[in-house]
Amino acid sequence: MKILVQKFGGTSVSTQEKRKLVVCKVMNAKEEGYFPVVVVSAMGRKGDPYATDTLLSLIDDNFKVANPLALDLLMSCGETISTVIMCNELNSKGIDAVPLTGGQAGIITDCNYNNAAILNVDTKQILSILQKGKIPVVAGFQGKDENNYITTIGRGGSDVTAAILGAALNAVETQIYTDVDGIMTADPRIVSEATLIKKISYDEIFQFADQGAKVIHPRAVEISRKYNIPLVIKNTMNNCDGTVISNLGNEGYESIITGITHMNNRVQIKICKNSDSSYEDLFDILAENLISIDLINVFPKEKIFTIDEKDFIKFQNLIKEINLVCSFVKECSKISIIGSKMRGIPGVMARILKALTREKIEVLQTADSHMTIWCLVETEYVEGAINALHREFKLG
Ligand code: ADP
Ligand code: MG
């Protein structure tokens, strides 16, 4: 059985017009001899009636914190509604489709509500539906725990649902349909000349996803890599080939830089050494308090790093408690310049710094690894910086 997992994101299922295009994708797959397994997200984005954020606005913040189980049940509704609407659409074209919650589709998670980890996938139900010649339409982003409570697996989780089903069903490939042609050299909302990346390795795309490109969830990349299932990102609105993510990567592609992504809401912190011993223990203390840090530079008399804005108040309270003094720059963005071919090539950092200096953009900090160079800039300059770097490396 040639199984094909096809996941459709929020914008792809938001209107009837778009859902008709989804039906075409599913019908085409069927006509080509595949057995499609459809995964759907909640319909639309923030502000739309059945989008997850809209559902969340129906209950109080205190209730959310005190009742994670109820919160998950509410959050799962958007995807559940979507499965039924999609089945309705498929049925109207004479296709027999069966709506399934994540739990009914066999996705078993731990009890870490709101951010549950998938422990196991029982494919029995899906396989039985496929064997009857019908199409399972699975609600993304959700599963059930050992007590049969509905859980959700974190934002962007429908990508993870698709990847885990692709792996469990040993699919020919996992297709992620969205509102762009595939993975581009930069977010097309920021860089109008961004171009499509046709082929890319799991490793490179993991960097993209992990460093802020929201087009695919990093866990979905990890799972597909582990089980060696090709992951293909495509546009619901057209027939473009999209981006193929596989172990083969992009053989023959010569550019040293593959693309650029970024992450907002970073706060740069500088802490000077004082006589207090807590300076030496600072990183341990932050780890114990679950504050993750990055872009870490340690000097004899100073430590510089960044944290997420959401941890800032907690961080300030901690610092006060342990008698350290810090200075900080809020509203920073971390730009990631990614390319597996930059290893060992001299002068890449120099080109980056020159391109940004030309635009009078101050670089607050840098770091590099074998595949990525990071630059921290103030958020008001991030779009200009990404465009300048995109031009410098001729990615358009
Ligand atoms: P969906 O609802 O289909 O899951 P998402 O909003 O999660 O869609 O992801 C698609 C969006 O990701 C695009 O609209 C685009 O703005 C954004 N994006 C960010 N970086 C990139 C990139 N490098 N290539 C393509 N899209 C990107
Ligand atoms: Mg998404």
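Placement of Cβ uses the backbone N, Cα and C atoms for every residue, glycine included.
Sequence annotations record features per position, and here TrEMBL assigns domain 'Aspartate/glutamate/uridylate kinase' to 2-235.
When secondary structure is read from DSSP and collapsed to three states, Lys7 (ATP binding site) falls in the strand class. When Cβ atoms from all protein chains are considered, those within 10 Å of Lys7 (ATP binding site) total 28, not counting its own. Here TrEMBL flags Lys7, Phe8, Gly9, Gly10, Thr178, Asp179, Arg189, Lys214, Val215 as ATP binding site.
Feature annotation from TrEMBL assigns substrate binding site to Thr52, Glu79. Around Thr52 (substrate binding site), taking its Cβ as the centre, 25 other Cβ atoms fall within 10 Å, counting all chains.
Residue counts for the domain 'CASTOR ACT' (330-391) under DSSP, helix first, then strand, then coil, are 27 helix, 20 strand, 15 coil. Annotation source TrEMBL lists domain 'CASTOR ACT' at 330-391.
For the binding-site residues given as Glu79, Val215, the lowest number of other CB atoms within 10 Å of the residue's CB is seen at Val215. A strand conformation is recorded for Thr178 (ATP binding site) in the three-state DSSP classification. In three-state terms derived from DSSP, Val215 (ATP binding site) belongs to neither a helical nor a strand segment and is classed as coil. Here Thr178 (ATP binding site) comes close to Gly9, Thr11, Ser12, Val215, Ile233, Lys234, Asn235, Thr236: these same-chain residues lie at least six apart in sequence, with C-beta atoms under 8 angstroms from its C-beta.
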